[in-house]
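K.L.:
So that we are looking at the same thing, I have put the structure below in structure tokens.
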Amino acid sequence: SRPQRVRPPRSPASMAPGKDDDLGDVYEILGVDEAAGEKDIQGAFRKGSLKCHPDRNPDDPEAAEKFDRLTRAKELLLDPARRAAFDEKRRAKRELEERFAQEDSKRRKFREDLELREGHSEAARARATEAAAAADAKRRYAQMDYASRIKAKQTELAGRQQELAAKAAQARSAFEEAKVRVKWRDAGEAATRAERLKQELAEFDVRTIAMEGDAEAVVQLGSKEDAIRAVLKCREARQRLGFRVSMEKSPSAAAGPGRRDAGADEA
């Protein structure tokens, strides 16, 4: 008599492929049991994320994929409908495995060979989908990291520019505040008067002397302190010198009222 052909048991409808099948056992991923509540799931997710988050594991090329799977497992278990569907499929799979375990070795071998042939292409597609998902997760993380680095660099450059601008403004202000104006009471030769000024102000850091006609001059000193001291010295000797010395008004002071140095505006 002809041997009877053994047919493998059909999978229940709940075992049909789903969008979450590539995750595997989400309970194992999170390390919780089937009775775990929301608090247990959130706690397991936080604990697991410390081990596989890309920021904490920069040297692990699979960190982004692991963290993505951990996140998807948590979301599935926190969704009552998706969790119920997963639990049903998990129970059906377990029952099927138990039923298969009771088969004799010949029937099991036949079933496994048949499933291997029929499931080869499906397994290849699943691996391709999983690889694409992992690559996409890595790409999204790289994009976010790059954008974050660019933003930080822009902030740093803006801070440096502001600092340089402030220093430049401070230097310009100090330069303008270190000038004094000299006015002679009578006419005279400009060259001779410039030389006289150098002699009278020799103890100070005189940078330049700019004659304005033969009766006025602007003297640039090294600092505001030198300018004030020069004004005070010339005030004490004004009867002998034959000229008056006063602080030169800076453009900012000329534009509006400002603080004046008491007793040093004019000599």
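Each Cβ is built from the backbone N, Cα and C atoms, and glycine gets one as well.
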K.L.:
According to TrEMBL, which listed range is region 'Disordered': 61-83, 222-244, 245-267?
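P.N.:
It is 245-267 that TrEMBL annotates as region 'Disordered'.
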K.L.:
Have a look at 1-24, 97-120 and point to the one annotated region 'Disordered' in TrEMBL.
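P.N.:
In TrEMBL, residues 1-24 carry the label region 'Disordered'.
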K.L.:
Give me the DSSP three-state residue breakdown of the domain 'J' (25-90), ordered helix, strand, coil.
P.N.:
47 helix, 0 strand, 19 coil
